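Shown next, in structure tokens, is the structure this report addresses.
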Amino acid sequence: MMSESLTSAGQEPEERALEAAMRPKNLDEFVGQPRVRQQLSLVLEASKLRGRVADHVLLSGPPGLGKTTLAMIVASEMQAPLRISSGPAIQNAGDLAAILSSLTEGEVLFLDEIHRLSRPAEEMLYLAMEDFRVDIVVGKGAGATAIPLELPPFTLVGATTRAGLLPAPLRDRFGFTGHLEFYSQDELELVLRRSAVMLDLTVTQAGFAQIASRSRGTPRIANRLLRRVRDWALVHGQHTIDAKAAGAALDMYEVDAKGLDRLDRAVLTALCQKFGGGPVGLSTLAIAVGEEAETVEEVAEPFLVREGLLGRTPRGRVATAASWRHLGLAAPDGAPGAWGETEPLL
Ligand SMILES: Nc1ncnc2c1ncn2[C@@H]1O[C@H](COP(=O)(O)OP(=O)(O)O)[C@@H](O)[C@H]1O
Ligand SMILES: [Mg+2]
């Protein structure tokens, strides 16, 4: 288990119910992602006009950007029942066969983390998606026979954080693929505005801006920070959350102005102060911050790299000009990220 934090984009177990309440219920309420929203709306509208089930939909993108939310919206826009499962939950092809054979006409089947399906399940899915049919294998060995079973037409919505890991034959069977992007500052403010209404909070425009700018482009994190700020305001007797209150609250939770948390800052600080900006190997860097190399690589680094605060080079991790700037430090002459030094290829 990796260490979870306020700024990890993954869903915490106790967050499930809270998130369910915050989820936009239809496409009009869904903030941002204008292209995906428009294209998806067209796909759904057209299938309604034709009186057919909607094409299979693949949603890809980093955690917390709205894939599950969109899957639910597909079902509600189609006024269809929704069945939810996931790649890891389906142990073998038999599990998938059981789900598929119990679908009703027009039902939306949401398969989260579809890149983690087993091979046999994946192959069963090909046939189900294309021909609405599965072959149920009865018996074992030489006496085994495949009995074809017709399925009612259904819509598969697959979600994946790793579109690159999907085998081409699976990817090709989706009629529509939507790739979700990180949200802009304005879009995150809209997400927060909506959530604040639902939580019955009074937040100023500058307060929203303050929280949005620390949310790493991710609605899930924005909503989580908002809840923490709400707690802080409650305890401090602040009825209106302004920029100062939001800033003070998030500083207390060690989420800095760019959305870096304690671990991110520790990595960056070690890189710059202990190793002169690098290059330094991952395992050495991890020891310096007292974490597993895996945690540093998978939890802290993706965001640091995305923000241009850390470079990965063949010789190790290096600081960038932005790293020094963010820590308020002057880069020593000749250090990676120092003036005149070329930026590493990220
Ligand atoms: N476009 C959006 N507009 C408003 N809220 C959103 C949007 N996208 C995500 N959220 C919020 O963020 C949370 C996480 O979204 P979710 O769909 O579970 O992300 P994913 O499945 O991609 O990890 C949800 O509770 C939802 O309220
Ligand atoms: Mg999800």
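The backbone N, Cα and C atoms fix where each Cβ goes, glycine too.
Worth saying up front: this structure is predicted, and the values here are computed from it rather than measured.
Annotated features, as they stand in TrEMBL:
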{"type": "REGION", "residues": "3-183", "note": "region 'Large ATPase domain (RuvB-L)'"}
{"type": "BINDING", "residues": "ARG23, GLY64, LYS67, THR68, THR69, GLU130, ASP131, PHE132, ARG173, TYR183, ARG220", "note": "ATP binding site"}
{"type": "DOMAIN", "residues": "53-186", "note": "domain 'AAA+ ATPase'"}
{"type": "BINDING", "residues": "THR68", "note": "Mg(2+) binding site"}
{"type": "REGION", "residues": "184-254", "note": "region 'Small ATPAse domain (RuvB-S)'"}
{"type": "REGION", "residues": "257-346", "note": "region 'Head domain (RuvB-H)'"}
{"type": "BINDING", "residues": "ARG312, ARG317", "note": "DNA binding site"}
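Comparing Cα positions, ARG317 (DNA binding site) lies closest to THR69 out of the binding-site residues ARG23, THR69, ARG173. Put simply, ARG312 (DNA binding site) is 27 Å from ARG220 (ATP binding site) when counted between their Cα atoms.
ARG312 (DNA binding site) is 29 Å away from LYS67 (ATP binding site) when you measure Cα to Cα. Distance noted between the C-alpha atoms of ARG23 (ATP binding site) and THR68 (Mg(2+) binding site) is 9 Å. Close contacts with ligand 2, defined as a Cβ under 6 Å from any of its atoms, occur at LYS67, THR68 among the binding-site residues LYS67, THR68, ARG173, ARG220, ARG312, ARG317. Across the domain 'AAA+ ATPase' (53-186), DSSP helix (H, G, I), strand (E, B) and coil residues number 51 helix, 36 strand, 47 coil. Counting in whole angstrom, ASP131 (ATP binding site) lies 26 from THR68 (Mg(2+) binding site) by their C-alpha atoms.
Looking only at the region 'Large ATPase domain (RuvB-L)' (3-183), the predicted model's pLDDT averages out at 92. Residue counts for the region 'Head domain (RuvB-H)' (257-346) under DSSP (helix as H, G, I; strand as E, B; rest coil) come to 42 helix, 9 strand, 39 coil. Closeness to ligand 1 is met by ARG23, LYS67, THR69, ARG220, these being the binding-site residues among ARG23, LYS67, THR69, ASP131, ARG173, ARG220 whose Cβ falls under 6 Å from the molecule. Following the DSSP three-state reduction, the secondary structure of ARG220 (ATP binding site) is helix. When the binding-site residues ARG23, ARG220, ARG317 are compared by the number of other C-beta atoms lying within 10 angstroms of their own C-beta, ARG23 comes out lowest.
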